[in-house]
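S.K.: Pulled these features from TrEMBL for this protein:
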- 26-48: transmembrane segment (TRANSMEM)
- 41-290: domain 'G-protein coupled receptors family 1 profile' (DOMAIN)
- 60-79: transmembrane segment (TRANSMEM)
- 91-120: transmembrane segment (TRANSMEM)
- 140-164: transmembrane segment (TRANSMEM)
- 200-225: transmembrane segment (TRANSMEM)
- 237-253: transmembrane segment (TRANSMEM)
- 273-292: transmembrane segment (TRANSMEM)
Amino acid sequence: METGNHSCGTDFSLVGLFQYGHMDTFLFILIAILFAVALIGNITLVLLIRLDRRLHTPMYFLLSQLSIIDMMYISTTVPKMTANFLSDTKAISFLGCVIQAFVFLTLGGSEALLLGFMSYDRYIAICRPLHYPVLMSRKICCSMVASAWSSSSINAFMHTVYVFQLPFCGSRMVNHFFCEVPSLLPLVCEDTSQYEHTVLVSGLVILLLPFLAILASYARVLVVVLQMGSGKGQSRAVSTCSSHLTVASLFYVTGLSTYTQPHSLHSPGRDKVVAVLYSIVTPVLNPFIYSLRNKEVMGALRRQMG
């Protein structure tokens, strides 16, 4: 098979959300607004947790880490995406594509694992409150965050190195709005079916296992809360758990649909819509889901505003 067109110095071109560029102005404004909202919401949450001593608890420490990841996560794709709305070339360098793919995989994996750890924190706080200071000590929280970052970085590094050493031939047109591993595989000159099995295993470990842990944790929490007998407390707990599960399901289900499907079942149009949900919508929703429905966070906001 011909592999002579493979070159580390050749740029890629990103098609964007729509191949023919209609609605670019509207999409530029919409995405820019979502980007600003995500940054403002997550920065506000991080500052509140940092400044208010009442929020210096394991739960809010993990939440601040989630906000930091979300800020970086949405910043990995949106700036280049919005710039391409105003550009005719839509090019991205080979090195830029490598960095974007690696950072995106690292941050996505870190968020998936961290959300699982956050559900474990809620499970311990409600179901085993007497053991909470021991099971969720500062050292254990830092270990959770470090393990999420390190494991996702190793996973991202292996996938990035493997994919970008493959021979790309013919068109360098990536039918996506950023460099994501599944969208790059159609450009490869050789059979990638064996590698797709590796992507499937990684997706199941990093996405499915934490999602199942979240479902199990919140199911146990709801059972304990419903046994307490307080009608107002029950309704509040059900409302909080349902909102957390909704935004978590949006992230995990869309991510799983991209990273556990074989290449033959992928549709570029559908993949781009799904990618918008887990790469842009989720970082916008997270700070509001975890703060606006939280009396402690809103109380801290009122205190900081005088």
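Backbone N, Cα and C atoms are what each Cβ position is placed from, and that goes for glycine too.
Tell me what's around each of these sites.
M.R.: Beyond its flanks by at least six residues, the transmembrane segment (26-48) meets 17-18, 55, 63-64, 67-68, 70-71, 74-75, 78-79, 81-82, 85-86, 280-281, 283-284, 286-288, 290-291, 297, 300-301, 304 of its own chain at Cβ-Cβ distances under 8 Å.
Under 8 Å from some Cβ of the transmembrane segment (60-79) lie the Cβ atoms of residues 31, 34-35, 38-39, 42-43, 45-46, 49-50, 100, 103-104, 107-108, 110-111, 114-115, 117-118, 121, 138, 141, 144-145, 177-178, 279-280, 282-284, 286-287, 290, 296, all in the same chain and six or more residues away from its ends.
Here the transmembrane segment (200-225) has Cβ contacts under 8 Å with residues 109, 112-113, 115-116, 119-120, 122-123, 126-127, 151-152, 155, 159, 233-234, 237-238, 241, 244-245, 248-249, 252-253, 255-256, 259-260, 262 of the same chain, all six or more residues outside its ends.
Within its own chain, the transmembrane segment (237-253) is flanked in space by residues 111-112, 115, 119, 207-208, 210-211, 214-215, 218, 221-222, 225, 277-278, 281-282, 285-286, 289-290, 293, which lie at least six positions past its ends and keep a Cβ under 8 Å from the stretch.
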S.K.: Going along the chain, which residues at least six beyond the ends of the transmembrane segment (91-120) come within the CB cut-off of under 8 Å?
M.R.: 7-14, 59, 62-63, 65-66, 69-70, 72-73, 76-77, 80, 144-145, 147-149, 151-153, 155-157, 159-160, 163-164, 174, 178-181, 184, 206-207, 209-211, 213-214, 217-218, 244, 248, 251-252, 255, 278-279
